[in-house]
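Heads up, the thing below is written out as structure tokens.
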Amino acid sequence: MAAETLLSSLLGLLLLGLLLPATLTGGVGSLNLEELSEMRYGIEILPLPVMGGQSQASDVVIVSSKYKQRYECRLPAGAIHFQREREEETPAYQGPGIPELLSPMKDAPCLLKTKDWWTYEFCYGRHIQQYHMEDSEIKGEVLYLGYYQSAFDWDDETAKASKQHRLKRYHSQTYGNGSKCDLNGRPREAEVRFLCDEGAGISGDYIDRVDEPLSCSYVLTIRTPRLCPHPLLRPPPSAAPQAILCHPALQPEEYMAYVQRQADSKQYGDRAIEGRQDPDPPVWSETKPGVVPPKKAGASPAKENSKESDFWKMLHEPEEQPPEKEETQAEEQEPNLEATDPPPTSPDDFQNNVQVKVIRSPADLIRLIEELKGGTRKGKPNTGQEQPGDSATEVPSREPEMKEKGDPEQQNEVEEEEDDEDEDEDEDERQLLGEFEKELEGILLPSDRERLRAEVKAGMERELENIIQETEKELDPDGLKKESERDRAILALTSTLNKLIKRLEEKQSPELMKKHRKRRVVPKKPPPSPQSTEEDPEHRVRVRVTKLRHGGPNQDLTVLEMKRENPQLKQIEGLVKDLLEREGLTAEGKIEIKIVRPGTEGTEEDARWLTDEDTKNLKEIFFNILVQGAEEAQKERQRQKELESNYRRVWGSPGGEGTGDLDEFDF
């Protein structure tokens, strides 16, 4: 698709860059197979643009998307200068050779591998057999896939030139002259490949796979920890993919416009930060306009009412205009000054009479409002005696309040009437529901009822998910600054809702049955089937523990399963349930965990299934699989979403994005 096309073109240019230096110097270009086999690349489409045509470096290539957006992609250093001198830089190995490392396998037991109908037996340095087993006994003919002939010579010059074993990091042996093949009449032959497996134990040799690429020609892959000390066979460190960084390439005028927009947005952000970090509001000053008493003494009542309304409007925006709070406080104190009609005072006396209140929190603002309301109630009778105009203007505003507060009996009567109407409506609804349930019981089968119950439950879960999404949108971004804190809050909310659903399912069902029995006679229903108990939340998580044990030499493995009554199984199930509830996860699908350790002989009853250390480590294993794996998947999804958004953006276009279908992007 689009991303694959872009990546393939980049890799093609990358290979061209590898070949180009050799052709310019007159040499012969060669394809570096070692690089392709051991290096991985990942493309990163970044949102930060660059000015096109400014970089002349050899590691920069120009590509274009399907929307004609040009990119400058910088190839990683490893793509241009791969480790061509790796062989020379390899430290000298002073340990035993590869044949010496594998020689202890001669005295070890033969390795067995069962695949479909056949069982394969490999005896190091001797032969390879194939036969069929039934009831731990060999049935039918034993076929020889080959006898030991030779081993790969690491010191041979021809072997060094092939580099096949060095690249694949395996040692091989050849087995031939086996049983005659019925298909082509030739003797069977096999190649055995030995690979390092650092995770296996001291004697952890095992046959990993058996392939038959050609008729009667076999390839056995054996993994063993014996070869890991050798540097040529030790697996390379798993390196992260080499990133190919691609920046949108803009024309000079587009790039300058982008830089100007960034500068403007930065200045706007700095101003906003400075506004938030302002110190305490400044105190009143005698130079402020509008606070000098002589000019305000002759103000009309209409102006005072407008000032009072402006004060309550400004209280709704306390943080945006902090200096105006003090002005409104001064204006609220002006009625007292006008009532007494004092002569003009000096600035010093004015400052002594001013009360400065600093509002630092919403609680302080509420207290200030209450004080101002109390002050106006106390001051209004005095002002009413000397200024009848004020009382005349304030009476209409008080009348609605008195009407609301003075009729509690009428309000109670209205509430009682509404309650009676609600009860009548509820009774009608109950009757309709009862008739509907009667009809359903006569029509629906028990399976249909279970299905309807499941659909109702699914609908409840969808509603809860919508509530969670709405809660996430309403979360204060300043209160939960870190994404991890927001995720933990959502998980905790999900866990709480799951517990509520569980309690509702446990408590509501018997209560509903009692209500139905009170209203009408219901025929007795048969007891619920065992399947319904398994659908209960208590049985959503089931742990199954099985043990594989050899029945004897050259015999099949016996499978033992832990009984449900085993207390150790109950302990493991409780551990998993607690982890799922705490992290707000649901149990979906199956998870298989294999614990490989030396087995003990004995029956199921006297054998210890899991050691204390195994049980202790299970919690960490579950956490890594369920929780940490989910977080990594979420991060990867977010990264892919950002890459797709960056790819769709077309710089300089009116809409700013391409017109491609979202489904066609698959990085």
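Even glycines carry a Cβ here, placed using N, Cα and C.
Of the given residue ranges 156-187, 636-667, Swiss-Prot assigns the label region 'Disordered' to 636-667. Listed in Swiss-Prot as the disulfide partner of Cys196, from the options Cys228, Cys246, is Cys228. Per Swiss-Prot, the cysteine from Cys73, Cys123 that shares a disulfide bond with Cys110 is Cys123. Mean predicted confidence for the domain 'MRH' (108-230): the pLDDT average there is 85. Checked against Cys181 (disulfide bond) by C-alpha proximity, the recorded positions Gln130, Cys196, Cys228 yield Gln130 as the nearest. Across the compositional bias 'Basic and acidic residues' (636-647), DSSP assigns 12 helix, 0 strand, 0 coil. Annotation for the binding-site residues Trp117, Trp118, Tyr218: lowest Cβ count within 10 Å of the residue's own Cβ, Trp117.
Taking Asp182 (mannooligosaccharide derivative binding site) as the reference point, none of the disulfide-bonded residues Cys110, Cys123, Cys196, Cys228 has a C-alpha atom within 10 Å of its C-alpha. Among the disulfide-bonded residues Cys123, Cys196, Cys228, the residue whose Cα lies closest in space to that of Arg188 (mannooligosaccharide derivative binding site) is Cys123.
Among the listed disulfide-bonded residues, namely Cys110, Cys216, the Cβ with the most fellow Cβ atoms inside 10 Å is that of Cys216. For Gln130 (mannooligosaccharide derivative binding site), applying a Cβ distance below 8 Å and a minimum sequence separation of six or more within one chain yields Trp118, Thr119, Tyr120, Glu121, Val142, Leu143, Tyr144, Leu145.
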